[in-house]
Amino acid sequence: MSGKKAAARLMIQGTSSNVGKSVLAAAFCRIFYQEGYHVAPFKAQNMALNSFITRSGGEMGRAQVVQAQAAGLEPDVRMNPVLLKPTGHTGSQVIVLGKAQGTLSALKYHGDYQRKTWPIVEEALHELLEEHEIVVIEGAGSPAEVNLKQNDIVNMRVAKEAQAPVLLVADIDRGGALASVVGTLELLEPEERQLVQGIVMNKFRGDIKLLQPALDFLEERTGIPVVGVVPFYDQFKIPEEDSVVLEEQNTSKRDQGKSRDEALDVAVIRLPYLSNFTDFDPFEDEPDVILRYVREPSELGEPDCVIIPGSKNTLSDLRFLWESGLGEKIIKFWQEDVPIIGICGGYQMLGRIVRDPLGTESDLKEIAGLGILPMETEFELDKHTVQSRGKVVGGELFLARCQGTEITGYEIHMGRSQGEGHSLFEIEAQETAYGDGMSAGSAVGTYLHGIFDNDPLRTALLEWLWERRGGTRPVGETMSQAAIREQSFNELADWVRNSMDMEKIRAMMGLHKG
């Protein structure tokens, strides 16, 4: 033993999915970071279509990337050693320590394979505990799923291994929060229940005085203190974990009330297997943009720009475009000179054909693309995952405004595309230089996720779209994405800190009062 003081731990578990665990974990990461601690996030297993590529080329869940940024750290795949990316209703691609291991059915994964990943999870957890002063751990779903408990590697088994005090979070905005807390605790084993040292009511609306009798009841019934009631607030500009947030509405709350006269209309196709929709978060931060997600042709209207996003199942989503009529509508828009942008899987769909002879994504062997870009794509077994850096070299459309501009992004794809056009970007990644992207008429495609996080490129696009309307952009210079992110982390930390009994939380963690 090195004699080094053991890291303090705190684990956030929930009564169900989507109660706010990821955001609260990010808040605690920033709170402790502000207090001068060296803090790291950890989630043993995540299931999400939003992923990120680390500097070393490893793939991990976006939520832990956000938490790492809140903690002032470079993302590390050990923070999310197991990532499941759904490829269909019953199967997922399994990614372990950043590398794809293949696609398994839910039944096969929750059997032997999940048990085999526990030593990897265990090692990653203990390494982070050795290297940091505090580790903020996030659970998944609910710890009371009795049908999954036998092979659990993400909830109470992690809490026991880390000897971490657990905060149990309920979403009171949904209703039934008291029953969900009591029911969850009733279904836990006695030794698991002892680990739960605090209850948090999240997303509360109204006067807390009216809630106090319920809080008193919870404490008396469970013997566990309520350590926080976090008021509802949905304006934090923190990237969301998964596309469940898109199910509630097709237009961002930040965009409601904007008229088409004062804002550009950007329509993103809501693919069934849409991935990395955080690519479009920068548009939500622009005061002159309305960002919409559309599922069918009738919802498209007359957008200033149509974006086909990334996909975890490109061939199936391409089939969806054809069967829904969206494919024909997009082609018609392109013929009418409406700007069309494809990102990763969306880029592949813009080509002439997509082939998957080895069945890497689905049972479909090939399907006709939209035929807008002069290229063809074929899927291979090897997954290309890199952080990319480069510059704009293609002079088409809005890119003519930012020639030579340096850009960053990341790539996650198994398809290789070949075509006749000139590259739009000159990329350097892992000591290799290559071209990326293609354009034809009003259409542009690229493999780069995160492309719109590049402030000069995004600004060039928006100015170009306004000029196409016959006007000039009505807003001046806006905050950079980096500045917006930092401001949001600090606001989130203040919001949560002021809603929590931080003295009790520090005490359960073994920390002195900050």
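Each residue, glycine too, has its Cβ placed from N, Cα and C.
Look at CYS344 (active site, nucleophile): DSSP puts it in coil. The Cβ of CYS344 (active site, nucleophile) lies under 8 Å from the Cβ of SER275, ASN276, PRO309, GLY310, SER311, GLU411, ILE412, HIS413, THR446, TYR447, LEU448, HIS449, each of these being in the same chain and 6 or more residues away along the sequence. Feature annotation from Swiss-Prot assigns active site, nucleophile to CYS344.
Every protein chain shown contributes to the tally, and the Cβ of HIS449 (active site) ends up with 25 other Cβ atoms within 10 Å. The active site annotation in Swiss-Prot covers HIS449 and rests on sequence analysis.
Note on the domain 'GATase cobBQ-type' (263-457): its mean pLDDT in the predicted model is 93. Taken from Swiss-Prot, the feature domain 'GATase cobBQ-type' covers 263-457, and the record attributes it to sequence analysis.
HIS449 (active site) falls within a strand segment according to DSSP.
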